[in-house]
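This report refers to the structure that appears directly beneath it.
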Amino acid sequence: MTDQQIAEPHPVEGGVTSARGFRATGVHAGFRKDPERRDLALVVADEPCACAAVFTQNVFCSAPVTVSREHLEGVGYGTARAVVVNSGNANAATGEPGLEAARETARIAGDAVGCPASEVLVASTGVIGVQLPLAPFGTGLPAAVSLLSAAGGADAARAIMTTDTCPKEAAATFSGDGVGYDGCTFTVGGMAKGSGMIMPNMATMISVLTTDAPVAPNVLHEALVRAVGRSFNKVTVDSDTSTNDSCFLFASGDAAPAGAGAFDPDGPAFARFEAALTSVCETLARMMAADGEGASRLVTVHLAGAANDADADLAARAVANSPLVKTAICGHDANWGRIAMAIGKSGASFRQEDASIDIMGLPVCRGGLAQTFDEDEALRRFEQPEIVIDVDLGAGEAETTVWTCDFTHEYITINGDYRS
């Protein structure tokens, strides 16, 4: 493909309703005590459309994850019309009653939207081990349907928040010019939540993505798996993988000309779509890391020179998950020894004498040995909102990037008081 054919996507303001063919809203249904806090989000496609999803790998998966998998026939893709997300209750570790509650949620939503329950996907986030009440859905979902609009994405993004301090939305467009869809502009948009219990393999991380590009369900799933692998699965706040992780992607095809078929998965239009999807997912992933519980800094760990991709991931995650590294960053301490410790214990294959470490562009370790650097300059650079750590293992060509955040006293306060 030419550079023109794989042109970069264009970030735009917006979120889950930026793509054509989707409406959304967020309301207070009663899962939370505060009547001013939205706790029920609903995203609806104008018509049943292609859908794909990726779910938690935690064996203790929640009832909504199980039911959504069922509705996508166990393969992670199919056709769907809507997704319902409640916050304040995870409906995890709730047994058969929890499964029945998740199924009843889909039925209530289907009745309100006007579609079969099998076309409704469900997600929940909140406290684990508490039975999910159904009464809030009975009143909240009809109210939500009456408020659905193409401008409702921001309300939906707020409704899925738990310990998040801000809603997370992103969107990007790409042109169909020169790739068989001249005159067409396609959009990918989405929302996400996640602040703690975040280390997705696929954390509590929930995301709903939409596009108006024409993509077949199985191909949509393949693209989503790749995009998640490059974005959400590269985020870790506290190394804990949630019971409820869910990432949904709907494709309406509404921006394509009438009668146009689905994108050829080997063609340039699809390549542009996947680039836009990955861009939106990466933006949301960075927002999640920056908004980690109690975080004061986004931390980007770039790991290069690994012998293979697996080693790159091992070493990068060891740094990103280290409480000692994260607390040093909170204290504005360029303590590279903690980074060296983390990569050394990671299991990645490398020689100590080949390793190099930079913190915020300052060389602090070369050949496994300390380098003299300006401590005052390091302190100044730690005032930046994003801290960048570069590690080169000197063992090969593989590299990766992982996003995390620092650990502050506030993290302990939030999690010590979570059920209070």
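Yeah, the Cβs are placed from backbone N, Cα and C, and that goes for glycine too.
Caution: TrEMBL annotation is automatic and unverified by curators.
The active site, nucleophile feature in TrEMBL is assigned to THR204.
There are 28 other Cβ atoms within 10 Å of the Cβ belonging to LYS193 (substrate binding site). DSSP gives LYS193 (substrate binding site) a strand state. Per TrEMBL, substrate binding site is recorded for THR162, LYS193, THR204, GLU293, ASN415, SER420.
When other Cβ atoms within 10 Å of the Cβ of THR162 (substrate binding site) are tallied across all protein chains shown, the result is 21. The 10 Å shell around the Cβ of GLU293 (substrate binding site) contains 25 further Cβ atoms across the protein chains shown.
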